[in-house]
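Look at TrEMBL and you will find A:62-82, A:94-112, A:118-137, A:149-173, A:193-212, A:224-243, A:249-268, A:280-302, A:308-326 tagged as transmembrane segment.
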Amino acid sequence: MTTSSSTASTGRCALLLTCGAALLVILLALASLNTGASQMKLLHLLTQPDDRVTRVLFASRLPRTVALTLAGAGLAVAGLLMQMLARNRLVEPGTVGTFSAASFGMLLAALINPGMALWLKFVLVSVCAALGSWLFLAILQRIPLRSALIVPLVGLVLSAVLASGSGLVASLFELGQALRAWNSGDFSAILRGRYELLWVAAGMTVLAMLLADRFTVIGMGKDFATNVGINYAALMVLGVLMVSLISASVVITAGALPFVGLVVPNLVRALVGDNMRRGIVLVALCGAALMLVADLLGRLLIHPYEVPSANLLAIVGSLVFIVILLRGRRQWA
Amino acid sequence: MIEAKTLSKRYNERLVVQDVSLQIPRGGVTAIIGPNGAGKSTLLSMISRLTPMSAGSVEIDGMDVTRTPGPELAKRLSILRQHNQTSLRLSVRDLVAFGRFPHSGGRLTAEDQHHIDEALDYLSLNEFQDRHLDELSGGQRQRAYVAMVMCQDTDYVLLDEPLNNIDMRFAVDMMQLLRRAADEKGKTVVVVLHDINFASCYSDHIIAMRGGKLAWQGTPDEVMRDEILSELYEIPMQVHELNGQRICVYFRMG
């Protein structure tokens, strides 16, 4: 069909970007595998493969790199999903209460039983994250005037309220330090056996890709979704669950990581538009790349010590957030 | 046939639509008119299951809209609301393609592509198909949404004030298009209109609402009358016969 040639070229542009991002993720992953406190280099595997090298690689380096990739991809996709559910591009799990609710869940788990089984902790934290996210969306529904800027403000207020609740409880039980660790994620403690929960995030990321069309329709609003025969309420619940499972697995494994879910989807949406089907793979790849870069920088800046990824992400992310706000200011007005 | 029985909608204590029973036959263009707050949009939303009803029932070809599965109904009836301002940046073609969702669930077949091309053609949107919605004028954007519901290819097409924000030329284009959809494709078009002269010139059947109730219904000849319209809108109105069309004048009376 000649009439669709130009749309095909938009599609090709997205495809090209996606391939480029995939290559970037591979290169960054190799760099990540090659970096660490130990002097082990990947090349040693070929030249002088010994026990120590393979042990460092499989016990520490590989788990860390895989964890970074899965967490970055998952968080970016969770951000995109949340933007569709809230119908606002200025939100992500870290600014709507999902993370704050998840770290409240961590606090509950520590209070109930510090040695709680991982799966039980995961369920508890996921439930808290889902309740927090749902509370945000429920508040949004009751706000009559939904200007583009009010939505993220509501989220930030809710986040702050939940966080101060956690802070109060934590200080009563002397868990303040643990709470701070959950709130500022980093991957320095990732070893084999301590990141596998992130495969749940990976599963949700793939599910989001499969349901991309449906979530784009959700982003068009309830009437639009109902008109094309989509069960709006069911998809909202599913979307909240997916965001919450991703967030909970990241918070339990590494701690909260801000701005990945905000910055990455916004950059990708600016490049390829808002049709999730065109952008979601790119979002996942760029999320992974950003996470890998943040972690690499954190490891290299004050080598052999580490700056937590969350700190670097907060600095870069908040700057990009401001740029996004300024660029869109006509739109928000 | 669309059949509404004793349909009511209550928001808190306020009855927005009250005990409306009506039948809209298959085929042709039906216009719903009435002053602001008459309950036109709410009636249309209840018929299309976007707004739950407080009482009564709606059947589309015998299917109860509240009990028929969403995807099934989406192949029979499409609805375009008045406020469909989305903040999503979609290309016109992508938007129109979502009209095929009930048929293909997102996996577009060659037949779907054909429907999309046809809908773009039908609304003269070919040259804009790769533009994003936010790059279009109000009229073009409105046409893109109408193309989407056309692409959905349902027997019943419901539109809430599709002439809003578009100039006279596009308004005439739009009404001619709806007329053609009814005449050539056998669609049943139900449209909420503020401009009663468009209702008069293009519809087969007019439903007039006031205060949440069905006030009058009939052919344009039957409804387009001085005394009916004056009472409906509570201002003096005069209907004139011009070129075989009944045109109502109300801009400056007396």
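Every residue, even glycine, has its Cβ placed from backbone N, Cα and C.
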Task: Among A:118-137, A:149-173, A:193-212, A:249-268, A:280-302, stretch most in contact with the transmembrane segment (A:94-112) (C-beta, under 8 angstroms) - done: A:118-137
Task: Listed stretch, out of A:118-137, A:149-173, A:193-212, A:224-243, A:280-302, that has the most CB pairs under 8 angstroms to the transmembrane segment (A:249-268) - done: A:280-302
- [ ] Output the single range from A:118-137, A:193-212, A:308-326 maximising the number of Cβ pairs under 8 Å to the transmembrane segment (A:224-243).
- [x] A:118-137
TODO: Check the transmembrane segment (A:308-326) against each of A:62-82, A:118-137, A:149-173, A:193-212, A:280-302 and return whichever range has the most CB pairs under 8 Å.
DONE: A:280-302
Open item on the list: Is it the case that the transmembrane segment (A:62-82) and the transmembrane segment (A:193-212) touch, counting contact as three or more CB pairs under 8 Å in which the residues of each pair are 6 or more positions apart?
Closed with: yes
Task: Folded-back contacts onto the transmembrane segment (A:118-137), same chain, C-beta under 8 angstroms, at least six residues removed - done: 82, 85-86, 93, 96-102, 104-106, 108-109, 112, 154-155, 158, 162, 197, 200, 236, 240-241, 243-245, 247-249, 251-252
